[in-house]
Amino acid sequence: MPPRSLPNLSLPTEASESELEPEVWENDFLPDSDGTTAELVIRCVIPSLYLIIISVGLLGNIMLVKIFLTNSTMRSVPNIFISNLAAGDLLLLLTCVPVDASRYFFDEWVFGKLGCKLIPAIQLTSVGVSVFTLTALSADRYRAIVNPMDMQTSGVVLWTSLKAVGIWVVSVLLAVPEAVFSEVARIGSSDNSSFTACIPYPQTDELHPKIHSVLIFLVYFLIPLVIISIYYYHIAKTLIRSAHNLPGEYNEHTKKQMETRKRLAKIVLVFVGCFVFCWFPNHILYLYRSFNYKEIDPSLGHMIVTLVARVLSFSNSCVNPFALYLLSESFRKHFNSQLCCGQKSYPERSTSYLLSSSAVRMTSLKSNAKNVVTNSVLLNGHSTKQEIAL
């Protein structure tokens with residue numbers, strides 16, 4: 001039988017009524033399998049997938065952070081946020097994924113009360129850092145494309161770094177209740193045996209899981225996604241309008257700026273798409289269980305859906321470096337140079353990916369055929385680049 005980290009939903013009704021389905025992000029329930037083949041596959045395949053996720057994720061995210069820290073040309077506002085994403089992913093890969101993989105080798109929760117308090121909070125913190133950073137990145141792209149003249153020209157790296165720290169502070173604070181209410185409980189079984197499990201809320205009534213799942217879905221998925229969608233609606237509208245209304249004398253200059261900004265907007269949008277694709281099944285599954293925990297199918301099919309959703313959610317922590325590698329020429333060159341025996345990174349001077357730090361002409365895309373709004377800001381050698389160095 002698969003490891004019993006959580007209550008078995010196939011228990012009699014009397015027992016089920018007093019046992020609440022734990023959070024899908026922490027010590028998920030695995031239904032009983034009907035044979036040893038499924039058990040063998042689960043115990044071998046899933047931990048192997050987790051090992052691949054951890055290895056690939058650590059390599060990609062560590063390399064990403066190293067490139068941004070060691071190359072001054074890569075230190076831009078968006079890259080600070082992208083590094084923040086990588087840091088959150090590293091936290092998840094180093095803590096939550098190994099703990100989750102251990103469920104396939106142990107039948108009970110083996111990390112004690114302290115682990116039960118910390119692991120759920122760490123995972124929620126990591127998810128918060130990811131989704132809030134993606135929202136901040138979308139807001140940055142909105143300002144760069146729709147309102148470029150509203151962007152700061154001095155102290156921007158410090159200010160952006162403070163924003164990144166603020167994202168971590170908010171994410172930790174929002175995860176505090178998870179640490180407060182998570183507890184190790186002994187769960188009874190229909191064969192008069194019992195096992196310990198870590199659950200994220202008190203075992204009192206069925207209202208707690210419903211409130212918990214709805215809040216998680218709203219705060220860590222739906223609300224940020226709506227905000228990001230609004231930003232990208234205005235970004236798309238501005239880019240489409242500017243493509244038709246730019247006069248001929250500004251076409252060449254503004255076309256390069258538009259391509260640079262559109263490229264970064266595309267990268268951020270891919271990050272958002274990966275996050276939605278990887279986490280949406282987990283959120284939906286948790287909502288379904290929270291509102292129908294007495295009726296959940298304990299079959300092998302339901303177990304497979306659970307495992308797929310779980311693997312997908314953790315996979316999100318290793319996909320961003322791949323997306324960046326495919327979409328960013330400069331990151332790809334730096335990454336390849338790091339892999340090739342630590343050779344010196346390529347100096348980044350490509351105007352299609354990096355704006356000069358000595359003089360940057362910031363042109364508003366809000367223009368029309370009759371009245372072109374063209375604003376220029378000259379930045380000295382110590383000023384910070386407003387566009388991504390990708």
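Cβ coordinates come from backbone N, Cα and C, glycine included.
So that you can see what the record holds, here are the features copied from Swiss-Prot:
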TOPO_DOM  1-41  topological domain 'Extracellular'
REGION    1-20  region 'Disordered'
CARBOHYD  Asn8  N-linked glycosylation site
TRANSMEM  42-65  transmembrane segment
TOPO_DOM  66-79  topological domain 'Cytoplasmic'
TRANSMEM  80-99  transmembrane segment
TOPO_DOM  100-117  topological domain 'Extracellular'
DISULFID  Cys116-Cys198  disulfide bond
TRANSMEM  118-139  transmembrane segment
TOPO_DOM  140-156  topological domain 'Cytoplasmic'
TRANSMEM  157-177  transmembrane segment
TOPO_DOM  178-211  topological domain 'Extracellular'
CARBOHYD  Asn192  N-linked glycosylation site
TRANSMEM  212-235  transmembrane segment
TOPO_DOM  236-266  topological domain 'Cytoplasmic'
TRANSMEM  267-287  transmembrane segment
TOPO_DOM  288-299  topological domain 'Extracellular'
TRANSMEM  300-327  transmembrane segment
TOPO_DOM  328-390  topological domain 'Cytoplasmic'
LIPID     Cys341  S-palmitoyl cysteine
MOD_RES   Ser352  phosphoserine
Ranking 80-99, 267-287, 300-327 by the number of C-beta pairs under 8 Å to the transmembrane segment (157-177), which range is first? 80-99
For Cys198 (disulfide bond), what is the secondary structure by DSSP, using just helix, strand and coil? strand
Number of helical, extended and coil residues in the topological domain 'Cytoplasmic' (66-79), per DSSP: 11 helix, 0 strand, 3 coil
Cβ contacts under 8 Å made by the transmembrane segment (212-235) with residues that lie 6+ beyond its boundaries: 23, 25, 124, 127-128, 131-132, 134-135, 138-139, 141-142, 145-146, 174, 200-201, 265, 269, 272, 276, 279-280, 283, 286-287, 289-291
With every protein chain in view, how many other Cβ atoms are within 10 Å of the Cβ of Cys198 (disulfide bond)? 26
